[in-house]
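The following features are taken from TrEMBL:
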type     : residues  : note
TRANSMEM : B:6-26    : transmembrane segment
TRANSMEM : B:33-53   : transmembrane segment
TRANSMEM : B:59-79   : transmembrane segment
TRANSMEM : B:91-110  : transmembrane segment
TRANSMEM : B:130-160 : transmembrane segment
TRANSMEM : B:189-210 : transmembrane segment
TRANSMEM : B:230-251 : transmembrane segment
TRANSMEM : B:263-283 : transmembrane segment
Amino acid sequence: MSIQNWARLGLLIVAVAILVSGPYWASRGTMRLLIEVFYFLALAQLWNLLAGYSGLISVGQQAFVGLGGYAMFSLAMFAGVPILFALPLAGILTALIAWPTAFVAFRLSGPYFAIGTWVIAEVYRLVFAQIPALGGGSGISLPAGLVKAMASGRSARESLIYWIALAIMLVVVLGIWIVMRSRVGLSLSALRDNEEAAVSVGVRTRSLKFVIYIATAGMTGLIGALIFVQKLRITPEAAFSVTDWSVLVIFIVVIGGIGTLEGPILGCILFFVLREYLADLGAWYMIILGTISVVIMLVEPRGLWGLILRWRNITVFPVTRRK
Amino acid sequence: MEWVNAIVQGILLGGLYALFAAGLSLMFGIMRFVNLAHGDFIVAAAFGTLLFVDATGVNPLWALLPIVPIMMAAGYVGQRLVLNRLSGKDILPSILVTFGLSIILQNLMLEQFSADSQRVSAGALDTSAISLGGGLTVGTVPFLLFLSAIGVIAVLNWIFAKTAIGRQLRATSDDPETVGLMGLDKRHLFGIAMALASAVVAVAGVLLAIKTNFDPAAGPIRLLFAFEAVIIGGLGSLWGTLLGGVILGVAQGLGAQIDPGMQILAGHIVFLVILVLRPQGLFPTKRGS
């Protein structure tokens, strides 16, 4: 390994160690914020895998956040599954539902795929609003007993949720990195750069996109399950919110830099910094975010990370061959 | 009788959806471009109508006079200055820019007009009704709306079939490179197409304001209805789009008849079923490829 790679590994280990020890140094407020950072970063990386690497521009990932959340609540409340087991199960269930969903969504391509996924997410929202057992349109709370059974005491539970969120985020980021360095990653890059040429050398476009879509949905469902365990309450509006789980996630990726692993991290940090200072502005906050992302798409479609690359050719997660 | 009534109301509602859809269909047909802010532009035109009526106190239909040209000019300029820079093989930038634009527009309207639901009154027209015989009556406003949808689509079809500019637009749709070789400016033609689509958006917005309540967040659902009508009808045919709108409207009307909570859902489900069974739409035109 080169010195550069050792330095990279060292930095990564230090960063992970600092984050893992979070419950020992962070206040409750900081931990809540970090949990949110983790799941937004994971959602952003997953959306980036779809749109930036696989050409599947979805505006409907909120479908899987919501399905994961509702699967989690249903498993815990009706099947009596302990929350810690219900979390991964909710992810698997979401992936299973994503399967037939993909058959419908893949009837459309390009921009129509984007709006089609949005329609499908709306269908799930409207369907869950019609289920009385899950509280219909006004939603339902996780019974306190089930939540208490997660861990002994409130701070232990919060630490547990923190670590799970961190673990999911790390699995997503490192997982996508590993995938992008593999044969699959090479196929995806080939598809993105020139679909006809990729197909002509034997990349199986459709099945590859299909698998990516379902795997992404499953992970998104797992994140959704965790989000609503933390929130303790789920409503169709919150679970299938296009603003929270698509608009903000897309802004994070676009501002940071689509089609790179570093971009969403940068975008996520910037997003939370901006939110700390601008969230009080309400509608203007969204106008500012929207304007930044539109300007970035017009000026430098590779995002802020692309601007950094113009200045210096650096990489945190190398996925291409060194030149 | 209730069911017949639900179907008739659904057909008339379909006219409005066809108007929403015609602009979207035009943009995709000529520029291979989907505007995710389409619904928000319709709502912006509706708010424009509200401002106009508040300022002048005249019948809201007069709002067409300022709003149509304003939207056309904005469409042309926006296409030349911004959207033309995005047209190319990669669809990602245009989707993401119009998506950002959608959020900006929604929040600007929210800032300007608050989240309250608004409505523009068309005076006596609001409550007047036309009897179709057999105990069936329809509101004058929905009926006029349906007629204007037919009118708008007829005019668009006439432009495409009979005029020089329509021929140039069709040629651009088929093969933009060759159109360039013939000495026509693709950027200008795209601007014209966007102006035409914006005129339809303006009409749809003014009629939306008269027909129903709207608020700053009402755009996305209009985009979805427009999209569903286009896909149900089949790409490339404006009359197909009208039928797509009618099918969507009837599905929603029947859904609402079963249960008020089912109205929107029934429309979505009919759309998804048609998408699975007949992804090319019900009335696709075979042109070019």
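Heads up, the Cβ atoms here are built off N, Cα and C, so glycines get one too.
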Determine which recorded stretch among B:6-26, B:33-53, B:230-251 has the most C-beta pairs below 8 angstroms with the transmembrane segment (B:130-160). B:6-26
Can you tell me which parts of the same chain pack against the transmembrane segment (B:33-53), counting only residues 6+ beyond its ends and a CB-CB cutoff under 8 A? 20, 23-24, 27, 60, 62-63, 66-67, 70-71, 83, 86-87, 91, 94-95, 98-99, 101-102, 105-106, 109, 112-113, 118, 120-121, 198, 201-202, 204-206, 208-210, 214-216, 218-224, 226
Distant-in-sequence neighbours of the transmembrane segment (B:6-26), which means Cβ under 8 A and at least six residues beyond its ends: 34-35, 38-39, 42, 132, 136, 138-139, 142-143, 145-150, 152-153, 156, 193, 196-198, 200-201, 203-204, 207-208, 211, 222-223, 225-230, 233, 235-236, 238, 241-242, 244-254, 256-257
Can you tell me which of B:91-110, B:189-210, B:263-283 gets the most C-beta pairs within less than 8 Å of the transmembrane segment (B:59-79)? B:189-210
Can you find at least 3 Cβ pairs under 8 Å between the transmembrane segment (B:230-251) and the transmembrane segment (B:263-283), where each pair is 6 or more residues apart in sequence? yes
Given the transmembrane segment (B:263-283), its same-chain partners at Cβ distance under 8 Å and 6+ residues beyond its ends are 221, 224-225, 228, 230-235, 237, 239-240, 243-244, 247-249, 251-256
